[in-house]
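J.: Below you will find the structure I want to go over with you.
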Amino acid sequence: MGQASSHSENDLFISHLKESLKVRRIRVRKKDLVSFFSFIFKTCPWFPQEGSIDSRVWGRVGDCLNDYYRVFGPETIPITTFNYYNLIRDVLTNQSDSPDIQRLCKEGHKILISHSRPPSRQAPVTITTSEKASSRPPSRAPSTCPSVAIDIGSHDTGQSSLYPNLATLTDPPIQSPHSRAHTPPQHLPLLANSKTLHNSGSQDDQLNPADQADLEEAAAQYNNPDWPQLTNTPALPPFRPPSYVSTAVPPVAVAAPVLHAPTSGVPGSPTAPNLPGVALAKPSGPIDETVSLLDGVKTLVTKLSDLALLPPAGVMAFPVTRSQGQVSSNTTGRASPHPDTHTIPEEEEADSGESDSEDDEEESSEPTEPTYTHSYKRLNLKTIEKIKTAVANYGPTAPFTVALVESLSERWLTPSDWFFLSRAALSGGDNILWKSEYEDISKQFAERTRVRPPPKDGPLKIPGASPYQNNDKQAQFPPGLLTQIQSAGLKAWKRLPQKGAATTSLAKIRQGPDESYSDFVSRLQETADRLFGSGESESSFVKHLAYENANPACQSAIRPFRQKELSTMSPLLWYCSAHAVGLAIGAALQNLAPAQLLEPRPAFAIIVTNPAIFQETAPKKIQPPTQLPTQPNAPQASLIKNLGPTTKCPRCKKGFHWASECRSRLDINGQPIIKQGNLEQGPAPGPHYRDELRGFTVHPPIPPANPCPPSNQPRRYVTDLWRATAGSAGLDLCTTTDTILTTQNSPLTLPVGIYGPLPPQTFGLILAEPALPSKGIQVLPGILDNDFEGEIHIILSTTKDLVTIPKGTRLAQIVILPLQQINSNFHKPYRGASAPGSSDVYWVQQISQQRPTLKLKLNGKLFSGILDTGADATVISYTHWPRNWPLTTVATHLRGIGQATNPQQSAQMLKWEDSEGNNGHITPYVLPNLPVNLWGRDILSQMKLVMCSPNDTVMTQMLSQGYLPGQGLGKNNQGITQPITITPKKDKTGLGFHQNLPRSRAIDIPVPHADKISWKITDPVWVDQWPLTYEKTLAAIALVQEQLAAGHIEPTNSPWNTPIFIIKKKSGSWRLLQDLRAVNKVMVPMGALQPGLPSPVAIPLNYHKIVIDLKDCFFTIPLHPEDRPYFAFSVPQINFQSPMPRYQWKVLPQGMANSPTLCQKFVAAAIAPVRSQWPEAYILHYMDDILLACDSAEAAKACYAHIISCLTSYGLKIAPDKVQVSEPFSYLGFELHHQQVFTPRVCLKTDHLKTLNDFQKLLGDIQWLRPYLKLPTSALVPLNNILKGDPNPLSVRALTPEAKQSLALINKAIQNQSVQQISYNLPLVLLLLPTPHTPTAVFWQPNGTDPTKNGSPLLWLHLPASPSKVLLTYPSLLAMLIIKGRYTGRQLFGRDPHSIIIPYTQDQLTWLLQTSDEWAIALSSFTGDIDNHYPSDPVIQFAKLHQFIFPKITKCAPIPQATLVFTDGSSNGIAAYVIDNQPISIKSPYLSAQLVELYAILQVFTVLAHQPFNLYTDSAYIAQSVPLLETVPFIKSSTNATPLFSKLQQLILNRQHPFFIGHLRAHLNLPGPLAEGNALADAATQIFPIISDPIHEATQAHTLHHLNAHTLRLLYKITREQARDIVKACKQCVVATPVPHLGVNPRGLVPNAIWQMDVTHFTPFGKQRFVHVTVDTFSGFILATPQTGEASKNVISHVIHCLATIGKPHTIKTDNGPGYTGKNFQDFCQKLQIKHVTGIPYNPQGQGVVERAHQTLKNALNRLARSPLGFSMQQPRNLLSHALFQLNFLQLDSQGRSAADRLWHPQTSQQHATVMWRDPLTSVWKGPDPVLIWGRGSACIYDQKEDGPRWLPERLIRHINNQTAPLCDRPSNPNTAPGPKGSP
């Protein structure tokens, strides 16, 4: 112990101490004791100089350890310190009378003497206990044991220097050896106990008052639950002396084992009152504190002896093996056995750790057989029934239920008992939860108790696992283990979910005005437990809400103590308890704790002025004190004896006495003093009235120098303020604290540090600083009275969400004005420090026997009614209702005292108006037999009436928050609905007194807002507001008023305007939206700042997370002030009753294109300081969702506090109910755990999959989940195939059997998903898995704790389902996957993979790098490892090697001695190949040269399937594509070559012989056999040895164009029957198609002579269903265009198209439609000189040609819609062009001419027939003239003389070829009669 100690002496002392402990069946190691005393010397440097170790000295050691624990924390103290201390303390106090201990005392005494001898060898000094007791304040009963004579060496460092806080807690510094008296040494035992102290002879058994107070304080802390115990050691067994000393020690009565509780809250506190284990005789002298408390705790000892040892939370087992002897049945203090109990010997766990020293070997020889017992009580079925009933009625975690379960702890329940109780009492779900929690807690206990290596079966005992599942074996567990089992069972039970849904928002739980603070905290903690889980009710977030949501009175009491570190909320409950509100406020005024306020101090005296309050609120035993209790022996007693007022009486101002004791009737000025009341009658108190709050009056300290200023600076008065200049009119006022002003806490009262009174005959006017309104701060003007002596306050409010006001900001000015007194009448003669102004006078209408009536006008008619706050709607009596006002019956019920079924209601909205001009609209009900009218809440709410209850408590709280009576409770400016618009004057800088005060200066408050938007144009955009319905108009007005009150919009005169519209939500409420499309077009888009979502797998592994959600993010971000006018809108008014109110947005509007970008930038700027200050934190931010992760929970909480502060400083609001602090976390659709990430575990439903759109959505959702699922692309192929086909989104689709199997695989992958977060300390591996169809990649990390265990996947990578090329080889796909993996690794994790695992060998990799550009690019600049050894993990074993890996059959060079083949193909469909100079030609079904040649190669592979060959082709595409087929996993189906490629691939994969394909350039006329062979193949394609089949060609032509039989017969020279059979075989053509008839309508004689034009509707064309059709009547050529309408502009567009196709007509004939008869079309025809004629109205026969063309065109469109050309109805122009091509160019007439031939080639070799004809007017025969057209019974004759056509009936026409006219028709003149040519 001394510095000169020898090693042998230390060993001797430690050996004796070990022997003493072994006597108590406690084994310790020597090195642990040496370490323990080394720490004692470090903590207590005075300990070696004491010279003796008795209970007093050892108690001082405990005090030092206790203080060391408080100052430096528990982590600085070894875990076994307090255990060893308690063991030695028990030896000192209980068993020191044994011979063994006596021998140890002697040896320790000798060692201490030798160790404490100073180097100078001076004579020893004797210091008795009495001398020490006289030199220090006794902290406990002094010891009477004389100390050992010791020599005190030099002590360089005193205790006060090392521990300044302990100087006053322990003994004074020890005197030097030279200053002490030398007395002979007295040798006594080194270790003394209480028995020796009792017989020491001292008679001083009384404690002084100071020590008695300390003792009471220590006793009050006897069982402090705030400090969990560190040890879980069972109670010490009764002492049984060893056999070698049993004869020398008399038997003693031993008490039952008890649990020693700490006194000071420190775990294992050494100063815990020791309950004696030895029956002591009655003390005859003074004893220590333990003996003094013996009588007081005698009852407690008896109770504690029967209690079970229940360790608190967080227990740690003491690492000392203890064996306990058998307890006799007659042991004192042992309770009698229970009928259901039996004694079972307990076995002791053997220490499995091997000894590493001689000391361990010596201890191992001790017997370890079980030698102690405990009582085991079986479970009682009645008890289980009670618990089951409590669980069913109250819930498993109700206090009553938990108390019943805790009552079972004395039965030493085994794990089997706990499992039986859980099954019997809990529900199925709760039973599973309890088992899970119990197993987890058991594992934790097993880990915590592992100090030495535990036995192999130790962790199995607590959960009762095999082989300890038998209840008999469990009952034999030692007491310490059973104690842990009880603790684990109770903990698991208490962690069960509470009864009730955890849906209550914490932010909505607020303390009521009359609600006690303890009830409010109880509700808050209960809700927190439901939301966050058990144990989180004391979190910092809940403590924060405990202040923020408290009522104003409690907030005032808590505010001074918020910055203190409080472990629990117990101090807050003390501050705000109902009977101590006055104490808390008094303490807050002096910055003291309430406990300090009650101590004898010279600063305060609390006088009760209203004892009735104590009679109402305090318990009956508490008497109202009249002054503070004082101690007569306290050093400050003299100051408190004569405590009195230090200021003059505020009543008379003439003497120093209390106002309550003032007897004067006149004040100092001779004025009479008006009697003051106690608020029974008279005016209400002012807003700052706090003098008599709850009956306490807080007086200033003695002497009252300056009680109000917070520092030692003198008080500053208004007269001390400096003016800026000589001409300044006002004095500036600045804030004295840093303040955050929000709309929730405004109006806010702030002190300015300036006090009254004002100069005589003056008063002050407080005005706002002119520059403040521009920053959103409003200062309410006020009046400062001349006689006000308190501190001046200013009242602030804000129109913004959040404004920060730094300390020293200039806020207001006070202008001093002269005071003019009108009369001498006043309410109070003296104001003092009460509220300034006359705000303590207000008017209310008190409730009396008379009914509160109100007169209102409804549509101008006066009505009188009663104010009914219980009525939902206004009801008018039928007798008062005007008869001419309409009524309607409504299907509802009115319920009150009676009931009215289907009452009548006003059929129109009525406008109400009061006498003050306020108005609104209501729809009242009308009831008969109603005596009076009732004004319901529908009209009272519009009038903004307020119910005021003048309760003293409520009124005091309201007044303390600045409420002005009589002005309402409005949020803005005390009841004013609209804020006062203040026009700032920028040229006014104020008085500037801050220029002379360096500590007080004006600081510009930055107002954060969004970035400015760039605009393309500066001209205003105005879009008129469209009208709204009456219902939506009222909703729009209400919503606009709501946004205006919230500060989101403001009135404006902006030249910009865009319309608003109102939609109804599903909930029935309305939503305001603005159409900003026109504004978005003229603004410059900012672009996306985050192209994708952040991946949660990049969060570091094992980081603690907190998720934050911002509330109404857009509405909390202010727009740039210059951008606000661009987002203006107008509120429509019905019938233009008034000008439309116009507003503009002050915050980010919804629907603006740049709002998401501005929101992201604003939030990112808010959290930028957090990122810079916390670089080790991982913060994810996306829009309004923020996730922060730190490596420890403490860092996460600190970072959370910082980020909340930063967000709040920017005005952003946090949604408290969406803050997530515990697992599982929900973020961006993911479920985050401590290590793993899960996507939503959904089950894919198939009942709704019916259309293409449904399957497209399903596959889109699956693609979003795939990066986190083990789902290869091959599993999605059947689902992807369903998407092929008809592109119509509503086209019908159905699940195939293969698709159903794919969905099953997908559901399985979703349920078995397992993706882990990354560990940046482990290597990142990219695995390329050769899965079928396409390869798959995964980011992988090995197991960080055990490399032999399986690793974890981080992210799965997949290639797109539709590749960019038709043929992609497997090596190319792997290269693409490597590129994607490296890109993703840099994007998400910021690094390249450490290694890449590929399915190729090193030789194959070398070959790929040499021959493949994709692999060279993929591995460019990669510095990691490339390997082909996959980890042996079952997760990746599903990816077996696939056959499409490396080419085997395809060769890159010609094959020696192989067959030489040449191929070629032509567009005529002939395929040719040459084998051994023998050409072979084949007719292919294709007309593309590439497909024909591919067909030839397919024939070659079929013919030469069993021999190698070298093939040459002149197609480079074929030469490059075919060699790839061997390694192509799948072929893209978007090309016509896909079927040929698929067949070739199957032939190649089935081949056994290699092949080579080379490329030759054709038509170069080069010499050599290769060129000759290629030329021979080319020539073979030009020979057509096979006779073509005209029927086949006709069939193909009909398939493409659906030609009629007549045209097929003429074009392909087939018979009529063959043509008709082809048409009949077509399912889409009508068999009985009528033959086109020429008709009898007038037709043009030449092309473009007459057009007929009309419009037909073809519905399948959709919007372009208006098909304009034009027919040339001469040739029958049809032109048509799809249009979107029939207006003149559409007609003109069609005519322009026709003019560009066939030229300009002479005449256009149409019907009388408005599109044709309109002025626009008439002008168009006139300008182009086109004659326009119309037919007879409503007679379509005049348009017969074009009408028949309509039907012909529609039939052709319907047939061609399914043509192989692939034109559908969604392509109107293409399909229409195809139909016109078929009608105009492919349809032939009887002469084999098409309409195009007739149009462009009107002259033919055929001669017109010449006839003679008789003029019907003159009966004269004329001619011969040609016949132009033969009709039905008529003909058109061309009169060559008249040069024009003439229609004649057939009877007037005669052919001149061998025919003459009838005789009856011959003319009289034979010279003119027609006859044969050449006849006379």
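Glycine residues also receive a Cβ, built from the backbone N, Cα and C atoms like all the rest.
The feature DNA-binding region is assigned by Swiss-Prot to 1809-1858. Sequence annotations record features per position, and here Swiss-Prot assigns Zn(2+) binding site to His1598, His1602, Cys1626, Cys1629. For 117-132, 193-206, 323-334, the entry in Swiss-Prot reads compositional bias 'Polar residues'. Annotated compositional bias 'Acidic residues' per Swiss-Prot: 346-366, in sequence order. Residues or ranges marked as domain 'G-patch' by Swiss-Prot: 950-996. The feature domain 'Integrase catalytic' is assigned by Swiss-Prot to 1643-1804, with sequence analysis given as support.
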J.: Name, in the order they occur in the sequence, the residues of the same chain whose CB lies under 8 A from the CB of Cys1629 (Zn(2+) binding site) and which sit 6 or more residues away.
T.: His1598, His1602, Val1623, Arg1759
J.: Quick one: DSSP breakdown of the DNA-binding region (1809-1858) into helix, strand and coil?
T.: 3 helix, 30 strand, 17 coil
J.: Once the DSSP letters are reduced so that anything not helix or strand counts as coil, what is His1598 (Zn(2+) binding site)?
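T.: The residue in question, His1598 (Zn(2+) binding site), is helix (DSSP, three-state).
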J.: List every residue in the same chain as Cys1626 (Zn(2+) binding site), at least 6 positions away in sequence, whose Cβ is under 8 Å from its Cβ.
T.: His1598, Thr1599, His1602, Arg1759
J.: Pop the mean pLDDT for the domain 'G-patch' (950-996) in here, whole number is fine.
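T.: Averaging the confidence scores along the domain 'G-patch' (950-996) gives 48.
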J.: Sort Cys1629 (Zn(2+) binding site) into helix, strand or coil using the DSSP assignment.
T.: coil
J.: Tell me the Cβ neighbour count for His1602 (Zn(2+) binding site), meaning other Cβ atoms within 10 Å of its Cβ, over all protein chains shown.
T.: 22
J.: Around the recorded Zn(2+) site, report the further residues of that chain (criterion: Cβ within 8 Å of the mean position of the Cβ atoms of His1598, His1602, Cys1626, Cys1629; site residues excluded), sequence-ordered.
T.: Thr1599, Leu1603, Ile1622, Val1623, Gln1628, Arg1759
J.: What count of other C-beta atoms do you get within 10 angstroms of the C-beta of His1598 (Zn(2+) binding site), across all chains shown?
T.: 21
